[in-house]
């Protein structure tokens, strides 16, 4: 096992091994659960228990009273999960790990969190997943999601496609939460999928008592077994630990730095909820693609040279010129209100149009839709060639522009792609009733 | 009067003047109300009624049956409002107009909206304001708020200060909604105020039936008479037309492109509500400054050369370098999650620090607070000298940085200013219970 120093000696002296059921009394509280393995760089004081609640808890041995309750049947070194016997009655779900908190451990010495676990480790920490489906795990990269780049979207999409080709009935992508919505949008546009693809993560790492990794993974696997062959995001629905929401991959955004219910559908209700393994549709206006309705297809040509500019009161036209002068092939703007920017930017917007560089306008309000026909500034912006994309999220529109420019270099075709609803990312009709958490119910 | 052509002839033939009570029947609907003046550039077909509900409605004469019910006592050309007799029993409230929808009219020919009315026009359209206070109006500029620049914040602040110096018991600033929150934050930092200052606007122009201008103005005047000497934003509380919310000027953001309840307090509840002219405190954790508690003071030195960069998966370090190379004196970053950016930006962040250019980190999640101590990327960013500002909104932090750099050119002092709560813009303690519209009540 990976416990070292004092922890290792202590466990050895008590004849306690990984997988054993033990109790730890500390400060009037008793913790009971299965001893889990610790990560390589852990300190010598803490041991980790998996409790019945599904939570993992790390406890310092100092001042603790530890009792062995029951010897487990797990070997100290877990076998690779792929050797777990496949149950032909169960569906096959693949979990692909890209890194992030869902796959990370706390370093108790510094208090910082960094990515560590592999997908197999996830399974070791959450063996309950194996009751739900035949699970196979694969770690394809190990990065915090703030470091995600478009090229990693392609890597992830190809890994997902490989799993589908190899027979997976559903694929779960474990991902850091910072840019999870960008990746979910990218997978939405890159992949035509005959099976559910669910991107999930955790706001608290899986060895912390408040970790959301367990419910998020369990709910993702339930969704992976469903009939909804869309790219979705699965995360906590509320601050409670009893249900998850399923969001369209093109309609979702991280809205809180730390809450577990941080992901919210914008301009639409969540697609569905998952409670006790049951998937229940919430958004009855959206018709999701069904399992097997289309063939697997991968369109992973991207144009990475796309700028992302937020309009603000002191913005200089030179910022747009900088992008034009430096080979950017497209620009995503987050305008104010209905999709505005100061009118001193208009000559630079016209320059972009002259040089066949699409400028796509979204709104920094987040909710609602761009409409450049209402105000005089908007009309001027529109006639300078800017592409208005209605109720599409800025982050989704950025990803879509990166993808659209990979599909064609014709400005008019880019415009058509941007203004056509491909993956539920935009709606023709007003969605102003979906605001904050008011779904107009 | 400003009616022209057919409308003018028709009204003349019926002996109808501005201020008269008339009824218009059209398509089985009867409208009853006072004839209002039309703006200069209106077409020749529509006339505008002020109805009992407080709404103004524009109706085409074609196919309408018009009846004069009662001659009004208003002269055709309204006298300047300052000549209205001052009631010594009432408080003095000044309304300053900067333009925007609250002060705009629809051009029926094109369907577009552009700024037109002066503050006096506002009063003519909403004479009810005169029952509440001695109102004086002044139009200091006439621009759509997407064209606002830091120099206009200074102009607005000085105009507000002049009103206070001249004895106003409260000042209302009519403003376009696109960048209203930026201006409210700017006034918060620039002004020390002994009286309430309320920034308000409208999502629908005041001659449309669904205009929110009436309730927003009436509620703003009620707030201007209150004891709360803070810079606040007053806008519709819900989609209903019966109450407004008062938000701290540093805690508020436009969250919907078109809804009338678009402005929401972020990371805090609204400060108060106004219903039927009564101000009721909602946020009991915040202690607002009271009327007369401080002397008027204007600190309007600003540094306009501040960049605003949103982190995104394809962001290039060269974008930071561009700002450093082009004389930007500060950079506001909207990071992902807890305040992250890709780690390939770190050398450029260090370069900014070397050149004494403060880089301030906020979160594009909007809700929650930056915390660069949790993840390894965050720690690296922090040690490169980035200034983390907790739960401060990105827009507010941008305005504060523009202001802080006007107060000092010492990097350490800027850091201290940015990390000190000056105008309710940040809280030490966690505010994670305020999420979307859940105020933890």
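Glycine residues also receive a Cβ, built from the backbone N, Cα and C atoms like all the rest.
Feature list (source: TrEMBL):
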ACT_SITE  B:101  active site
ACT_SITE  B:177  active site
ACT_SITE  B:178  active site
ACT_SITE  B:254  active site
DOMAIN    B:16-69  domain 'GatD N-terminal'
DOMAIN    B:93-283  domain 'L-asparaginase N-terminal'
DOMAIN    B:305-418  domain 'Asparaginase/glutaminase C-terminal'
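Separation of the C-alpha atoms of residue B:177 (active site) and residue B:254 (active site): 7 Å, rounded to the nearest whole number. Computed over the domain 'GatD N-terminal' (B:16-69), the whole-number mean pLDDT of the model equals 77. Distance from the CA of residue B:101 (active site) to the CA of residue B:178 (active site) is 10 Å.
Recorded residues residue B:254 (active site) and residue B:101 (active site) have their alpha carbons 14 Å apart, per Cα-Cα distance. In the shown protein chains, 30 other C-beta atoms lie within 10 A of the C-beta of residue B:101 (active site). Secondary structure at residue B:254 (active site), taken from DSSP and collapsed to helix, strand or coil, is strand. Assigned with DSSP, the residues of the domain 'Asparaginase/glutaminase C-terminal' (B:305-418) fall into helix, strand and coil as follows: 51 helix, 22 strand, 41 coil. Every protein chain shown contributes to the tally, and the Cβ of residue B:254 (active site) ends up with 29 other Cβ atoms within 10 Å.
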